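**Student:** Under the heading active site, nucleophile, TrEMBL lists C275. Summarising the annotation, TrEMBL assigns NAD(+) binding site to 10-15, D35, R40, 88-92, 129-130, E164, 275-278, R345. Taken from TrEMBL, the feature domain 'UDP-glucose/GDP-mannose dehydrogenase C-terminal' applies to 331-447.
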Amino acid sequence: MVIEKICCLGAGYVGGPTCSVIALKCPNIKVTVCDKSVERINQWNSDKLPIYEPGLDDVVRQCRGKNLFFSTDIAQGIQEADLIFISVNTPTKTFGNGKGRAADLKYVESAARMIADLATSNKIVVEKSTVPVKAAEIIMKILRANTKPGVNYQILSNPEFLAEGTAIVDLIEAERVLIGGEDTPDGQKAIQELCWVYEHWIPAKNILTTNTWSSELSKLAANAFLAQRISSINSLSAVCEATGADVSEVARAVGRDSRIGPKFLEASIGFGGSCFQKDILNLIYLCECLNLPEVAAYWQQVLNLNDYQKIRFTRKVIESLFNTVTDKNIAVLGFSFKKNTGDTRESPAIYVSQTLLDEGAKLNIYDPKVEPDQIMYELTNPYVTSEPEIVKKNVEIHDTAYSAVTGAHAIVLCTEWDEFKTLDFQKIYEVMMKPAYIFDGRKILNHERLQNIGFHVQTIGKRLNRMPSNRAQGSQTMP
Ligand SMILES: NC(=O)C1=CN([C@@H]2O[C@H](COP(=O)(O)OP(=O)(O)OC[C@H]3O[C@@H](n4cnc5c(N)ncnc54)[C@H](O)[C@@H]3O)[C@@H](O)[C@H]2O)C=CC1
Ligand SMILES: O=C(O)[C@H]1O[C@H](OP(=O)(O)OP(=O)(O)OC[C@H]2O[C@@H](n3ccc(=O)[nH]c3=O)[C@H](O)[C@@H]2O)[C@H](O)[C@@H](O)[C@@H]1O
């Protein structure tokens, strides 16, 4: 089979960018991205795409209406496709068996059932969503139990490794594409067909093929390793603050060892994003089900440390402000889980903001890309707060950093947006309450300069024990 038409179920952060790049690089393939959400599809067909991702607008503009289509007509998408990506969400279960740990596969299952109901010709079904090991077996069972005469399915695992904020570059210059399939002639043929799609722009040496289960597990393993590095450096940030070592210097020295490498050693207020926690929980649950409690406990510690880091940072803010933030104005700069995305899922800013609100603070929040409604949605989410009215009363969303900091007792920087580095902090100091505090949760500001202006500065993994030079106002020692 030569792949002429691709359908993707799920027009989210993965389905949208991935299929846009496939359309760009494979002009002879018709790519249709389907979603059950009419609103999302309308946004994909509009000038304001549903997700902010550098470079994405350009790619969509080049291909949309030519060989790239966004549609709610799932039936047509499935029926005409030779190859179908399942790119739906796989959140952590919030109730029932495996609550809080297992991946909820209801969307994957519903996608498989749709394919089984609607397909009238042979399909290669590709699991792109991140799933527990052996999920392909579930898809296969559903498809094969409902197969219409003359229709054959091959199931492949092709996990996605893009990171938000750099998705387009990650897709165009992928270090590796991973494809897992059955070790049968038909399975190997299906693998080769998907390889052919990627080979339009990815060098063959970067395309790895494995068995299905290795591919599924490698995705969970990759995210677990990445998160583990962050928890490792964050654990050392606490040691640095207690001793006078500087975590950036430690990271630089450790990362210079080519066996360790320099990436993903940036200490922070903790990792966020929709996947690290979810995928590690998924791995932990898998280990528990496989009766491997020691392995489960090992990975659980990566998550525990991440919670500890968020708690530690927030506690530091409160303790520094004389152990009370009640009725104090606090400017929260950045709400997305990292720069260059408007995504707030599991953003550490949520925990920080919620805790400060619980302590009675008034928050003035600014983020360059997160919509105000999204911030309010996160803070009034019943899983996070029991008092949405208080949140609404005590949170103001601003459209510039300068307006958010006016009259503030403290600035809490939660996301490393580049624009925060070039703010006029002299001007900001003038409009803040004194003593003026800055808590740099991302280590991106020039701390010496801030101290020279007169700020009390605290950051992650470095003790700033110098008094503000020109207007000394209190101690800078870590609590
Ligand atoms: N967000 C990321 O950066 C990455 C995510 N992943 C994985 O990719 C998967 C998707 O993640 P996101 O794109 O972030 O999720 P998302 O929530 O942004 O998008 C999922 C979309 O699937 C749609 N959907 C659900 N069931 C459907 C069905 N039966 N038919 C059609 N559409 C359906 C939803 O309406 C939603 O728009 C997850 O498994 C995630 O773990 C993997 C790598 C990176
Ligand atoms: O499966 C997924 O969803 C994706 O998860 C991550 O991508 P993403 O969550 O988009 O972003 P990252 O750059 O990994 O950042 C995750 C979090 O870790 C934090 N981080 C990252 C790097 C670092 O050194 N320190 C650090 O605190 C970031 O600020 C952010 O909160 C992985 O990097 C992707 O390879 C993977 O495909």
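Just so you know, glycine gets a Cβ as well, placed from its N, Cα and C.
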**Student:** Run through the domain 'UDP-glucose/GDP-mannose dehydrogenase C-terminal' (331-447) and tell me, per DSSP, how many residues are helix, strand and coil.
**Tutor:** 43 helix, 19 strand, 55 coil
**Student:** Test of understanding: give the count of other CB atoms lying within 10 angstroms of the CB of E164 (NAD(+) binding site).
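**Tutor:** For E164 (NAD(+) binding site), the 10 Å Cβ neighbour count is 24.
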**Student:** Which of D35, Q277 (the binding-site residues) has the most other Cβ atoms within 10 Å?
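**Tutor:** Selected residue: D35.
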**Student:** Give me the CA-CA distance between Y13 (NAD(+) binding site) and the residue listed as 'active site, nucleophile', in Å, as a whole number.
**Tutor:** 12
**Student:** For the recorded positions D35, T92, C275, Q277, which residues place their CB under 6 A from an atom of ligand 1?
**Tutor:** D35, C275
**Student:** Taking the Cβ of the residue listed as 'active site, nucleophile' as centre, how many other Cβ atoms lie within 10 Å?
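**Tutor:** Step by step: centre on the Cβ of the residue listed as 'active site, nucleophile', count other Cβ atoms within 10 Å, giving 24.
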**Student:** Using CB atoms and a 10 A radius, I'd like the single residue among the binding-site residues G10, Y13, N89, T92 with the highest neighbour count.
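**Tutor:** The residue with the most neighbouring Cβ atoms within 10 Å is G10.
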**Student:** Ligand 2 is in the model; which of the recorded positions G10, Y13, C275 have a C-beta less than 6 angstroms from one of its atoms?
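**Tutor:** Near the molecule: C275.
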**Student:** Write down the Cα-Cα distance for the residue listed as 'active site, nucleophile' and G10 (NAD(+) binding site), rounded and given in Å.
**Tutor:** 16
**Student:** Over the domain 'UDP-glucose/GDP-mannose dehydrogenase C-terminal' (331-447), what is the model's average pLDDT?
**Tutor:** 95
